[in-house]
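*Asks:* Before we start, here is the structure in question, set down as structure tokens.
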Amino acid sequence: MGTRFQSFLLVFLLSCLILISTASCERNGDGTIRIGLKKRKLDRSNRLASQLFLKNRGSHWSPKHYFRLNDENADMVPLKNYLDAQYYGDITIGTPPQKFTVIFDTGSSNLWIPSTKCYLSVACYFHSKYKASQSSSYRKNGKPASIRYGTGAISGYFSNDDVKVGDIVVKEQEFIEATSEPGITFLLAKFDGILGLGFKEISVGNSTPVWYNMVEKGLVKEPIFSFWLNRNPKDPEGGEIVFGGVDPKHFKGEHTFVPVTHKGYWQFDMGDLQIAGKPTGYCAKGCSAIADSGTSLLTGPSTVITMINHAIGAQGIVSRECKAVVDQYGKTMLNSLLAQEDPKKVCSQIGVCAYDGTQSVSMGIQSVVDDGTSGLLNQAMCSACEMAAVWMESELTQNQTQERILAYAAELCDHIPTQNQQSAVDCGRVSSMPIVTFSIGGRSFDLTPQDYIFKIGEGVESQCTSGFTAMDIAPPRGPLWILGDIFMGPYHTVFDYGKGRVGFAKAA
């Protein structure tokens with residue numbers, strides 16, 4: 001009786017938590033393969049799980065580890081909170097085919113799915129698992145694999161089998177059978193695994209990505225793939241990924257292309273960012289950005305995210321160190337900036353930072369809100385000072401008075417974001433929030449409040465959060481912007497592997 005009840009309970013839980021839907025695929029006369037994407041509706045349970053994941057992760061994670069690759073024991077991919085991902089598609093593996101729902105992720109490069117040998121991770125019991133013994137095309141590999149995700153890791157081993165994406169069959173594709181998955185992130189996820197579309201340079205175990213094999217084996221017409229993400233919440237169609245080309249009906253005008261500057265990620269250079277038409281000045285000399293389909297969020301340096309938070313009224317951390325810097329050193333900093341001093345060196349010149357040529361604001365806002373030792377306090381004061389210098393410089397370019405500049409900097413001290421977390425906003429103010437503009441390839445790309453604000457529920461029960469999150473990446477990799485679905489939704493995105501470039505056009 002007990003066994004029957006446990007079996008019934010397991011089936012019931014599976015039915016409640018697994019997303020059951022189908023994704024269409026189509027081979028067209030133009031030689032392209034189109035994969036229909038499913039879109040997960042935003043809900044409070046996943047948003048809560050996302051917050052718990054970030055809270056549990058926070059004390060163990062440091063931005064300086066974000067881009068560490070090829071560790072002697074494990075590889076590192078961009079740290080993601082995949083619970084924020086909204087778009088998925090289906091693939092099959094093996095003969096006969098076994099279906100899996102995956103995120104098509106341009107921010108990583110491996111294909112991994114749960115293994116039937118995943119016994120001890122609860123997450124595996126709530127997702128489809130690959131059964132090697134039931135596939136006649138399976139080829140044993142056995143090479144161990146581990147991908148670290150902050151506080152946990154996906155671990156397992158490599159196997160080889162036929163992978164079908166749409167109508168394309170990639171023979172003997174190497175992929176990871178995950179035998180261990182970290183806690184809540186993958187337990188509540190509406191997908192089974194990840195299909196990475198990044199470059200081989202960041203592939204765990206130097207495994208050849210699925211996309212590379214598509215191109216090298218001549219399975220696609222052109223070495224291009226493109227994303228259209230449907231942002232209409234009332235439309236059942238979630239979007240589409242096209243392998244081998246683009247779908248003209250999903251964009252307007254011409255794409256603006258920029259070259260990939262660092263292979264591994266789809267990374268490129270961008271210009272300055274504007275808030276309500278006002279330049280921030282932070283990226284006036286250029287910043288790096290990554291087009292990342294594996295996240296719904298848009299992540300950038302704390303300095304600029306704080307300015308956005310202030311403009312949209314987002315809640316943040318009140319930083320005592322930041323306020324102390326503005327109060328004690330604000331006028332001195334302004335005098336240095338008026339004397340045309342480099343904002344990055346102002347804080348060392350007034351003695352707040354020990355500038356050694358590498359210190360910069362990108363060391364992170366984590367230190368700004370730390371308490372404890374004098375070393376942490378000094379670092380917090382330095383980071384706060386460097387951010388304030390950028391804010392003041394931005395206001396000086398707008399010919400603001402010294403009194404207004406100091407008041408503005410003090411106000412921003414109340415809106416510093418929590419590292420890598422979203423901020424709550426007033427749903428009633430969304431229509432009056434500013435347009436945020438990115439400069440890419442000499443062209444302006446606007447994001448409206450409807451693009452960057454997530455709304456859950458209706459009426460008095462509604463909750464709104466900003467899609468902008470802060471994460472500081474130290475030089476030489478940073479400062480860095482990660483443009484997720486918030487950006488790729490309004491802008492159709494082309495990933496041109498053949499010419500090493502990324503293109504954006506207004507989505508239709």
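Each residue's number is its place along the chain shown, starting with 1.
In case you wondered, yes, glycine gets a Cβ from its N, Cα and C as well.
Features from Swiss-Prot:
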- 1-25: signal peptide (SIGNAL)
- 87-505: domain 'Peptidase A1' (DOMAIN)
- Asp105: active site (ACT_SITE)
- Cys118-Cys124: disulfide bond (DISULFID)
- Cys283-Cys287: disulfide bond (DISULFID)
- Asp292: active site (ACT_SITE)
- 317-419: domain 'Saposin B-type' (DOMAIN)
- Cys322-Cys413: disulfide bond (DISULFID)
- Cys347-Cys385: disulfide bond (DISULFID)
- Cys353-Cys382: disulfide bond (DISULFID)
- Asn399: N-linked glycosylation site (CARBOHYD)
- Cys427-Cys464: disulfide bond (DISULFID)
*Asks:* In whole Å, how far does the CA atom of Cys347 (disulfide bond) lie from that of Cys353 (disulfide bond)?
*Replies:* 5
*Asks:* What count of other C-beta atoms do you get within 10 angstroms of the C-beta of Cys322 (disulfide bond), across all chains shown?
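*Replies:* Neighbour count, Cβ to Cβ under the 10 Å cut-off: 29.
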*Asks:* Just the number: how many Å between the Cα atoms of Asp292 (active site) and Asp105 (active site)?
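*Replies:* Given the Cα positions, Asp292 (active site) is 7 Å from Asp105 (active site).
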*Asks:* Where Asp105 (active site) and Cys124 (disulfide bond) are concerned, what is their Cα separation in Å, rounded?
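*Replies:* The Cα atom of Asp105 (active site) is 20 Å away from the Cα atom of Cys124 (disulfide bond).
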*Asks:* Sort out the sequence-distant neighbours of Cys283 (disulfide bond) for me: same chain, 6+ apart, CB within less than 8 Å of its CB, listed by position.
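*Replies:* The answer is Met270, Gly271, Asp272, Leu273, Val304, Ser439, Pro479.
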*Asks:* Would you mind checking how many other C-beta atoms are within 10 angstroms of the C-beta on Cys124 (disulfide bond)?
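*Replies:* Cβ-Cβ neighbours of Cys124 (disulfide bond) within 10 Å number 22.
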*Asks:* On a C-alpha basis, identify the one among Cys353, Cys385, Cys464 that is nearest to Cys287 (disulfide bond); the candidates are the disulfide-bonded residues.
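*Replies:* Closest candidate to Cys287 (disulfide bond), judged by Cα separation, is Cys385.
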*Asks:* What is the interatomic distance between the Cα atoms of Cys385 (disulfide bond) and Cys413 (disulfide bond), given in whole Å?
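*Replies:* Cα of Cys385 (disulfide bond) to Cα of Cys413 (disulfide bond) measures 11 Å after rounding.
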*Asks:* Other than its own, how many Cβ atoms are within 10 Å of the Cβ belonging to Cys287 (disulfide bond)?
*Replies:* 21
